[in-house]
Structure formats: structure tokens, C-alpha cells
Amino acid sequence: MAQQRRVQLSTQRPTSTVCVLGTELSLDVCGSAPKDAVAFHVQGTPGVKLYVVHETQSVKLPSSVGRWPLAAGAEVLLAMDSLSKDVGDEKVRISYFGEAGGVPVGRAMLYLTCVDISLDADTSRSGAVSRTLLDKATWTWGPDGHGAILLVNCDRDDPKAETLDNHDTAIRSYADLKDMSQMVLRTRGPRTIFTGHRLLLHVDFSDADKVGVFYGGNSVALEEYKHVLGGSKLAYAVKPSRHQEESIFYVEGLAFPDVGFSGLVSFHVTLLESPEKGLLETPIFTDTVVFRVAPWIMTPNTAAPLEVFVCSVDDNEDFVAAVGALAEKAKCRLTVCPPLENRQDRWIQDEVEFGYVQAPHKTFPVVFDSPRDRGLKDFPVKSILGPDFGYVARQAPEGASSLDSFGNLEVSPPVTVRGKEYPLGRILIGSSFPRFGGRRMAKAVKDFLIAQQVQAPVELFSDWLYVGHVDEFLSFVPAPDRKGFRLLLASPSACYQLLKEKQEEGFGEAAMFEGLEGVPKPTINEILANEGLRKFNNYVQSCISWNRDILKRELGLAELDILDMPQLFRGDVATGAHAFFPDMVNMLVLGRHLGIPKPFGPLVGGQCCLEERVRALLEPLGLTCTFIDDYFSYHVLSGEVHCGTNVRRKPFAFKWWHMAP
């Protein structure tokens, strides 16, 4: 339905107004009628389309009816479909008649100027701004949806800048402009009409702190781009150029979706009519365009690796070399964070999570900085943030716990659950059962993840672990069949079953941790006879089985989608569980190349029986297993290979805006 505006007429003096292309004017024929008038006649110049609404029927003029009764509810509608060449070059005349008919008892004259005003963005999501019949004031999901998209401009395109690009009100490079979405204001018609009218670009007060808008006028020089909207600036008066019909604005996002912010932002352009001196301007036309701020998106283990990160500390030279060799096999870049930057903090998985943002015109990676803030706290800003590499962080004002480290933040590959598709997977976070003293992920982090909408989080039970991270008992690896992946779960039951098999085969005296100095070396017989260890692992298995049921339900998995990795844990219920030997699910996944913590299991026939079982599980999927010795450099510190590495991965091919609502 066309935007409609009521226009008051007068029989005392001519009225002038603007009709915007694509809108309708409703003429108040009753309000301007002389008191003795009982009928009216309408006549317009060729550029005006006229309709009389009488007794709920709309009749296009001219018609066989010459005069219309001036009854309550009588209305004249007009529209124009071609631009005016001069101000007031089209007109409408309404003649009023009394009971006697004959000579009119009064006439109202309306002079019209037709202009075109349109505020446009890339609502068709093609990567370019174009005019469209789509409803610009709404935003819809799905492959057939519409609505413009905005990126949070959270990178730093100018290496000399001290802050993120969206933390200032300056354009420092043309690369900065390319991160922004264009919004085009089109104005056509007689330019002199704007001497008596004003065009105002404005943003809702509630959205002003979420966006920034820049405008360079007719210039392409960087220094000419001014910050015109956002923050304390709620409106900007646009002066249409005499020589250009388009004004191009550049829009940046300042904030990701979060509590109290759905991600939707509205911009408006309003034409204001200047009345007589001393009176306020009145709005006569508004056009609106809606953007949605693009969410931050995580990538799963199964996505192609692009860059591996590892920290170099005093005692992990061999570990770094092993990770580097695996990265070379996988043909991905290796970035080593030096001691000066990591300050002996080796747990790079816990400090950050790599993801990305995407709009039709641009995609770039964004690192999510955890509230953990230990030795690596400055690394994301100093060494990762840069041109086309963004940064986002959330703090934990209540105080960060171990569950706020991002080893406790994973995402599944794409899944379908009870008919609902999750083409970008589902985020997995660890928490506690609702009990006094249980650890939970910081509210600010959890709220942020939920607000992104496209990877609906699943909460698992991880507080039974000493460290408390989901990556201590699960991982995902690519697979050529079924859903395209397997879920790996740590399994004490599978480990006891394996050790029992080896005992029955006559290898009960084979010992753990051969070749490691200063480490107790329990035999298979001793492990199987340790009732305290078995009872504790029964408890651990019940915790993992609880999570197994959640994962099957919330990820739509069957038993064939899950592989049980032999693993034992030690500890007690009060302080939490540690891996008894290096935790093999805590692995580095680089395509088909897996970097698995070396378990130092019992040697059977010269081979580690734990490694042999894991190879038997994973190699049929086309995966290659490299076992990395992390015992003294990571395992004894309550972490493993995955905890000590991080990976930037290729974004999903699927576009997030194509998700079903």
C-alpha cells in the first residue's frame, strides 16, 4: 500500500505541495467546502491521476459522474507517476456547488510538484545497492528473504591507529570505507523545491549508539568524509546537489547483537515542509530502510584450517616443532606467539576464539577475546587485530572463572534436529548443574552468544572436571559419510574394556608411561585392580553419558555418529576430574590431519594399545593420526594439544541470512 498523506485545501488562496513519486495525497474536500456547498467537481492536469472515494468505492476520474455529493467521508485521492520539470507545473481544481447548481460557490486550487525521494540499501543482498520493490522497512530471513546487512567495523585498517575503526569518528583509509555498507539517498525533481523544504536523514534514539554514518558529499577525498549520524548525532540535514541525484552514505556497525539489541537498526529520510515564518517545519514524507547487524559466527573443527596459532614458552620447543610439522602437512600457515607477547601463558585456546562476520559485500575474520585475561591478554589486540581482522570482547564483572576460558566454547558442524536445520552448527558451552557453588560461564559471554541467533547454544555439564572445559571430553572430526563428521567422546568404559581385552590376551604386566622419567608406571593389572580409580571413572562416565544424551538430542545424532575414545580420569568429586593420561579427545584437527596427545599407554607387541585403538577408530574415516608428546609441557599442567593451540578456519559457504526463521 502506497504511503498516503492528507492535504488541507482552501477556497481563499491557492495551496502548493509536493507529491513524492510512489505516494498518494488525500485531499480534504469536505474541510475546505463553503458552508452552503452540497456537491463538488474535480479536475486535474494530465500529469495527475485522480480518484474519488465515495461510499467506500474508489472511482477513477474522469468518469460519467460530473458532480459528487459532498457527503461525510467523501475523499479525493491523487497520485503522480512522472517527475515535475518545474515547481507547481501540475494542478488540481475542485469546484463546489450549492443546491441550485450553476455557478460554483467556491473553488480550491492545488499546485503540485512531483519529486522522487528514495533511501536505498542492498536490501536484495546482491552486494550492490539498487532500487527494489521489496519492503525496505522490514527484514526477513531465508533464501527468499530481504533486508540490508551491516558489519560491525571492528577491525583496524590503519596500523597507526590506536583503536578499532568503529571507536572513532574518522575515516582513515579507503579500506575502512569498504568495510561499511552503502546507503544511497536519491533525489530527483526541480532542485529549487528544496529551498522551501528540507531533507533530514535521521536514526532512532535507541539505535544511535549502535551505528555510525559517514558522508563525503561530492568528494572522494578521505578528509572530506564527515561523521554525520550516530552517537549524539540523531539527524543530519541533507542538501541535494544541483548536479548529482545520488548522495552516498557509508554505514558502520558499532555493536554486535546482544541483550537489549536485536541487531536491527532503522534509518529514515524525511522531507520537511517549511510553513510560514515562526512556525515549526512539518513532515510530509518519510522513507525508511532497515539493516541487521551481522552476527559473530564460530567455525567448527571440521572447517578447513587457514592458520594455526601456538605459543612459544620456556619448555615447549619440541611441542611447537611438532605443531609446525602438522601445520605444514595440512598446508596451513603457522603463527608462533613469542614469549614477550605471551608472558609464559601457553593456553592460547583459552584466551581467544576465532570466528568471522559476513555481509554480501565483505567477509572478514573476528577474534573473540575471553574474559580470562592472563599472560596472553594483550596478544589479541596487539598481534591479531589489524586490517580486515576484527576484535570483540566481553568482560565478566562478577569475576571470571575457568568456565569463561574458551576451551569451554566449541561449535558443532552443521546439523538437523527434529526437522530444524542448523546450517552453521550449534555452539556448545559447559556449565554446572544448578547447585550452590557451581561454576558457570559469565552471563555477558553467554548472553552475547545467544544474541547472535544463528548458532543456538547448547549447555552441557562440564563442572565435574577440575578445569571444566567441554574440549576435555568432546571433539569433532570430519568424515566422508553420514552427517559429514563424527563426534568423539572420552570414554572410561571404552578404556576399561580395552585394558580388560589386553589383560585377557596376557599383557596384564604391560605398563603405562614407559619412557617418561619420574612418572609412576602402573600396569594394566594394577589399573584394573584399583577400585577407587574404577569408582571415580564410573562417576566420570555417568557425567559424560549425561552429555551424550544431550548431544544426541540437541544435535540430532545417532549412536553411529559417535565414536568412544578410550580415556581414564583421576581426581575426586570435590575437586574435579583430571585426565589420567594425556586426553586424546583434546586434539588439534587440521582437515584430515589430527594432532593427538600421545597417551603413553601400555605397549602390546611393541605398539601403544591406546594409539592402536584410536587409529582403528579414526583412520577408516580417511584421517591421519599424529601423536604429539605434550606430557610435561601441557598434560601435567592440566591441558593438552587443543588447549595449547588455536586455529583460524575458512568461513562457512552457507550465508547466515539464508537461515530459516
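Glycine residues also receive a Cβ, built from the backbone N, Cα and C atoms like all the rest.
A TrEMBL annotation is a machine prediction, not a hand-curated record.
What TrEMBL records for 1-113 is domain 'Protein-arginine deiminase (PAD) N-terminal'. Residues annotated as domain 'Protein-arginine deiminase (PAD) central' in TrEMBL: 115-273. The domain 'Protein-arginine deiminase C-terminal' annotation in TrEMBL covers 284-658. According to TrEMBL, the active site annotation covers D350, H469, D471, C643.
A straight line from the CA of D350 (active site) to the CA of C643 (active site) spans 7 Å. Within the model, the domain 'Protein-arginine deiminase (PAD) central' (115-273) carries an average pLDDT of 93. It is 8 Å from the Cα atom of D471 (active site) to that of C643 (active site). C643 (active site) sits 10 Å from H469 (active site), taking the Cα positions as reference.
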